[in-house]
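Per Swiss-Prot, the feature disulfide bond maps to C47-C62, C54-C71, C61-C89, C73-C87. Swiss-Prot lists 1-20 with the feature signal peptide.
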Amino acid sequence: MKFVLLFGVLLVTLFSYSSAEMLDDFDQADEDELLSLIEKEEARKDCIPKHHECTSNKHGCCRGHSFKYKCQCTTVVTQSGEETERCFCGTPPHHEAAELVVGFGKKIFG
């Protein structure tokens, strides 16, 4: 009987120790994931949304649903006759086509 009691206490001690370490690992993973999400959110706040001007920062466009927006530039003639370059963040046509095909595929195949 003493052997069974001693074995039971040892088993409970080992189980509680291992579960405590697992919980610590999960807590650390949760903290790391939270910090990663916060960093991504900060980067998102600094990016340029779709249809906004990106002339001064051509690589700062935000991400869309599937792809990152690209800075698309055009040459504009002002009223004084000067040609200036104006850029905006948008989805390139080949990305729009890919999103259309993926959306159509999701509707068909569920």
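Cβ coordinates come from backbone N, Cα and C, glycine included.
Shown on the structure are the features that Swiss-Prot records.
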residue : record         : Cβ within 10 Å
C47     : disulfide bond : 17
C54     : disulfide bond : 22
C61     : disulfide bond : 23
C62     : disulfide bond : 16
C71     : disulfide bond : 17
C73     : disulfide bond : 13
C87     : disulfide bond : 19
C89     : disulfide bond : 23
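Here C47 (disulfide bond) is compared against the disulfide-bonded residues C54, C61, C71, C87, C89, and the shortest C-alpha distance is to C61. Cα of C71 (disulfide bond) to Cα of C62 (disulfide bond): a distance of 10 Å. Of the candidate disulfide-bonded residues, C54, C61, C62, the one lying closest to C87 (disulfide bond) when CA atoms are compared is C54. Reduced to three states, the DSSP call for C47 (disulfide bond) is coil. Of all the disulfide-bonded residues listed here (C54, C73, C89), C89 has the Cα closest to the Cα of C62 (disulfide bond). Rounded to a whole number, the distance between the Cα atoms of C54 (disulfide bond) and C73 (disulfide bond) is 9 Å.
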